[in-house]
Amino acid sequence: MSLRVTFLGTGGAVPTTERAPSALFVNREGDRLLFDCGEGTQRGMMRFGTGFGIDHLFVSHLHGDHVLGIPGLVQTLGFNDRAEPLTIHCPPGTEDDLHDLVHAVGHDPAFQIRIESVAPGEVALDADGYEVRAFETVHRTKSQGYVLEEDDRPGRFDRPKAEELGVPVGPKFGRLHEGEPVEAEDGSIVEPDQVVGPPRPGRKFVYTADTRPREGTVAVAEDADLLVHDATFADDMEDRARDTAHSTGREAGSVAERAGAKRLALVHISSRYAADASPIRREAREAFDGECLLPDDGDLIEVPFPDADE
C-alpha cells in the first residue's frame, strides 16, 4: 500500500529558477491530496507527472506563496472538463478570502468547489484507512499544519501456528487475519489472537507549512515517518527567522529530534540560498540523528511502514 510524497514547490516566498513556492502532492493508494498551492503548482504537476486529479486541497494559510496557484489550477481543471467536486480545507476565518481567490479569474468555476474550514485539532478528512487533522502553527497570520495518520493495521499472521492448530489452508486464514474466529479441522474454535500478532501502526506524515518551532509540533509529530518542516533560513539568519515567524534548519532538526521522527524534509528554502542551500541541511543534521533531506522540486519520497525493516 503506497504513500508517495512529491515536492512540487520547495522554495520560500520568492520563487527561483530551481525552486517554486510551496506545494506538496501526496498520493495515498490512489487518494490524491494537495497541500498548499503556490504560484506554478499546475506547471509542477505537469512537469513531475502527478497529474491534475486531486481530491482534496489543504491550505495552511493565505500568504500568496501558498495560494496564488489556486486560480490557475481551478481554471485548468475546468478546461479539462472536471466534473467531480473539489474540497478545499482552510483555517477558520479564511473562507471568504479563499472564495474570492477561487473566483479571481472572473467567472464561476466549471465544477463545484466546497470550501470547508477546519480548526486545529479537528479532522479535516476522515477517509478509509486514514485521517487528516489540522494542528496549530505559529506564523504572522492565521495558519496551521496538517497531519495524515493511518489506522493501525492487523498484526502479522502466523501461518505455521494456524496450520499447527488445524486450520485448513484457504479462506479461513483471511478470516482469522480480519479478526473472525474459525473452526479447525477437528471442530475446535481457533481465535484470531492465537495466530495474529498485535496491531501494527500505520504511517504518519506531518506538514507544518510556515511556522516557528513549537512544542505543539513536537507532540503532533511524535514518531512521524516523515516530517516536512519549514526551514527557511540557516543559522546566519536566525534573527530574521524569528522576525518573520519562520524556522531555521537547526530548529527544524531539533523539532524532529525531540519528536522522534524517522525522516525530516526541509522546505520553504529562502531565495537567498539559491546558489547553495547546503548549510541549512548541515545545521539540521547537527540537531537531528535521523535521515535529513533537502528535497529539490520534483523529488518523490516513498514513505515506508514503521515496521518495514522487520
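Cβ atoms here come from the backbone N, Cα and C positions, even for glycine.
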Among Asp186, Asp193, Asp210, Asp223 - the residue Swiss-Prot places in the same Zn(2+) 1 site as His61, His63, His139: Asp210
Tell me whether Asp210 (Zn(2+) 1 binding site) sits in a helix, a strand or coil according to DSSP. coil
Out of His61, His63, His66, His139, His268, which has the highest number of nearby Cβ atoms, where nearby means within 10 Å of its Cβ, if these are the binding-site residues? His268
Which of these recorded positions has the least crowded Cβ, counting other Cβ atoms within 10 Å: Asp65, Asp210? Asp65
List the helix, strand and coil residue totals of the compositional bias 'Basic and acidic residues' (153-164) as derived from DSSP. 6 helix, 2 strand, 4 coil
